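Novice: Next up is a structure, given as structure tokens.
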Amino acid sequence: MDRTSRPRSRRFPALVAAAAAAALMVTGCSSDSGGKKAEESADNAAAGKADTPRMKVALITHAAPGDTFWDLIRKGAEAAADKDNVDLLYSNSPDAAKQANLVQNAIDQKVDGIAITLAKPDAMKAAVAKAKKAGIPVVGLNGGIDDWKEQGLLEYFGQDESVAGEAFGEKLNELGAKNAVCVIHEQGHVALEARCAGVKKTFGGKTTNLYVNGTNMPAVKSTITAKLKQDSSVDYVVTLGAPFALTAAQSVGDAKSKAKVATFDLNKDMVKAIEDGDVDFAVDQQPYLQGYLSVDALWLYKTNGNFSGGGQEPVLTGPAFVDKENVADIAKFAAKGTR
Amino acid sequence: MIPVSQATAPAASDSPPASPAAPKDGRTSERSLARRVLARPEIGALIAAISVYVFFFAVASPFREASSLANVLYESSVMGIMALPVALLMIGGEFDLSAGVAVTTSALTASILSFQLSLNVWTGVIVALVVALAVGAFNGYLLVRTGLPSFLITLGSFLILQGANLAVTKIFTGNVATDSISDMQGFDQAKKVFASEIGIGGVDVKITVFYWLVFAAAATWLLLRTRFGNWIFATGGNEESARAVGVPVTFTKIALFMGVGAGAWFVGMHILFSFNTVQSGEGVGNEFLYIIAAVIGGCLLTGGYGSAIGPVIGAFIFGMVSQGIVYANWNPDWFKAFLGVMLLLAALVNLWVRRQATRR
């Protein structure tokens, strides 16, 4: 039966090798502009290292893999872990039940502290209670600002999504906007819905939600273009993640609309887009800070018994507005991928 | 050459013999032109597409503008370019669940390679093609060697690629998205090839729309006018009998998987050059959209039946519905539900037309 496949299978690696060789020959023409060579080599925020005994901290989030935002949280946590002589165990699952299992996994590993996002607070309740029973201190970050105290978490680092949304809406009022479209890239996501709801609450003009398929960029682009054509009075497109703002800026061009783009969250391309005026402003909740503080806080609690906010008040990391005025200040940090 | 009755086979076998009054033997009698047209696999989808178009034309005034049509065609084309090789593969009797993330893999490969080694972006483009074809060949080779269902094998490669996309990007860039290559040599040239716009009568049409139609024409020619096309139908219809009459089934299957790889490369390049950077988590779930486009367009999930024009229409229906809902300004909370209802209606029209065609 393999009469036809055998000679092919022998010939095939040779073909690939030939193609690869051909490709390498093309490498003769390299690029003089951009690329790795042009990228600044910058070290991470590396201060000294604590000489406290090695401890183990688990950071468990509800992040979907491969999201620029969550990558910043992880980087902040890693920086703190390096500094504090902490062995950091990072794990994540967008599925609530799986995230709860990951907490159990951390308890089984007898970690010295757990940092957790409470995006789906009810699903995490039992797991958090178990961790407390095992004597493991738990801190919250990013999601769960309404629930961390009730579940007995030590402290909380994050942004109140509704507050951020409301601040966003006020900023739009200030800029004289009349009609905003809020682009939600994952339908049914609680925090994203809360942001748009917050915008709607304080914004004096009209706010319309628009749902797009976040994993399919061409579809995101088309859908925003369609919305801008459908309603030509839209003067602000509000996106809830940096990559979508960059795409929305293209849609504005395609639809020949006069709308401006504003967004929640930053990434390194966003800085350039703000400098160029493609994106009007961004609201940063400083994810790096959230990750850094939660690991550092667990270290501090173990070594000196401190905890921020006294278990009563959350520690707010945002909202911080970034626009043309102040973008230069953070540009070099964003270029490193840490802000 | 083996006799393969191609696309009309199921229609012909379903129809009862000619009425007793017919002077000639029913099996050899010419069917009327209308009936032959109706029995084409894509005609039901075409009628459904026209209905959807007329529907949105009536209810959504912004939908009537030519620029809106260009926008709908853009989304349809990016999906449709991938739906073509996926449809050919389905006619050949196999699935490829790795098609969605393979697009991201190609884009990441080209972007990371060019950036990290500071090469002209065309080098990255060519290496990405090699990688994409290798992924397809790997799927195909594993399939014919192990005899496992393609659903299982490509599920494996789907997960492998999804993980590798993230991990490899992280290793090289330190981030989960690639660095922007828009200031590198060759970028503008490549952007012209993969992601430019062409003005027609004042309307900017994305270049992918033209590629889509050219590729569809090429796929149709391949299916209906070449020996390879016959091999695809034969392999998908009945693998054992195809092999018995001398069809190189192994070659056909590996080539079809590599075709999907080539499609993933092309769409990956479009995404890279239109958005400058690539998020490593993108593309998940799109593999089903490609299969959906093929199925709406009349391809059978069991293989051996279908066309290349079908998935073009299928992708167009999907694009029209998903954008039309926005143009019509319906309540966005219901978006997915509307999408489902419209697709179901399109499928029902398709089914009804095919029933009419095969009934006497």
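Positions of Cβ are set from backbone N, Cα and C atoms, glycine also.
Quick paste of what TrEMBL says about this protein:
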{"type": "COMPBIAS", "residues": "B:7-16", "note": "compositional bias 'Low complexity'"}
{"type": "REGION", "residues": "B:1-29", "note": "region 'Disordered'"}
{"type": "TRANSMEM", "residues": "B:43-60", "note": "transmembrane segment"}
{"type": "TRANSMEM", "residues": "B:72-90", "note": "transmembrane segment"}
{"type": "TRANSMEM", "residues": "B:121-144", "note": "transmembrane segment"}
{"type": "TRANSMEM", "residues": "B:151-172", "note": "transmembrane segment"}
{"type": "TRANSMEM", "residues": "B:245-268", "note": "transmembrane segment"}
{"type": "TRANSMEM", "residues": "B:288-305", "note": "transmembrane segment"}
{"type": "TRANSMEM", "residues": "B:334-353", "note": "transmembrane segment"}
Novice: At a threshold of under 8 Å on Cβ distances, which of B:43-60, B:121-144, B:245-268, B:288-305 pairs most often with the transmembrane segment (B:151-172)?
Specialist: B:121-144
Novice: Give the nonlocal contacts of the transmembrane segment (B:245-268) in its own chain as ranges (CB under 8 Å, at least six residues past its ends).
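Specialist: Those are 2, 78, 81-82, 84-86, 88-89, 92, 94, 96, 99, 102-110, 128-129, 132-137, 139-141, 143-144, 194, 211, 228, 230-232, 234-235, 239, in sequence order.
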Novice: Sort out the residues at least 6 away from either end of the transmembrane segment (B:72-90), same chain, that have Cβ-Cβ distances under 8 Å to it, and list them.
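Specialist: Apart from its flanks, the transmembrane segment (B:72-90) reaches 96, 99, 103, 205-206, 208-209, 211-212, 215-216, 219, 222-223, 232, 236, 256-257, 259-260, 262-264, 266-267, 270-271, 286-287, 289-291, 293-294, 297, 299-301, 303, 306-308, 310-312, 314-316, 318-320, 322-324.
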Novice: Hey, which bits of the same chain come close to the transmembrane segment (B:334-353), Cβ under 8 Å, at least six residues off its ends?
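Specialist: For the transmembrane segment (B:334-353), the nonlocal Cβ contacts are 38, 43-45, 47-49, 51-52, 292, 296, 298, 317-318, 321-322, 324-325.
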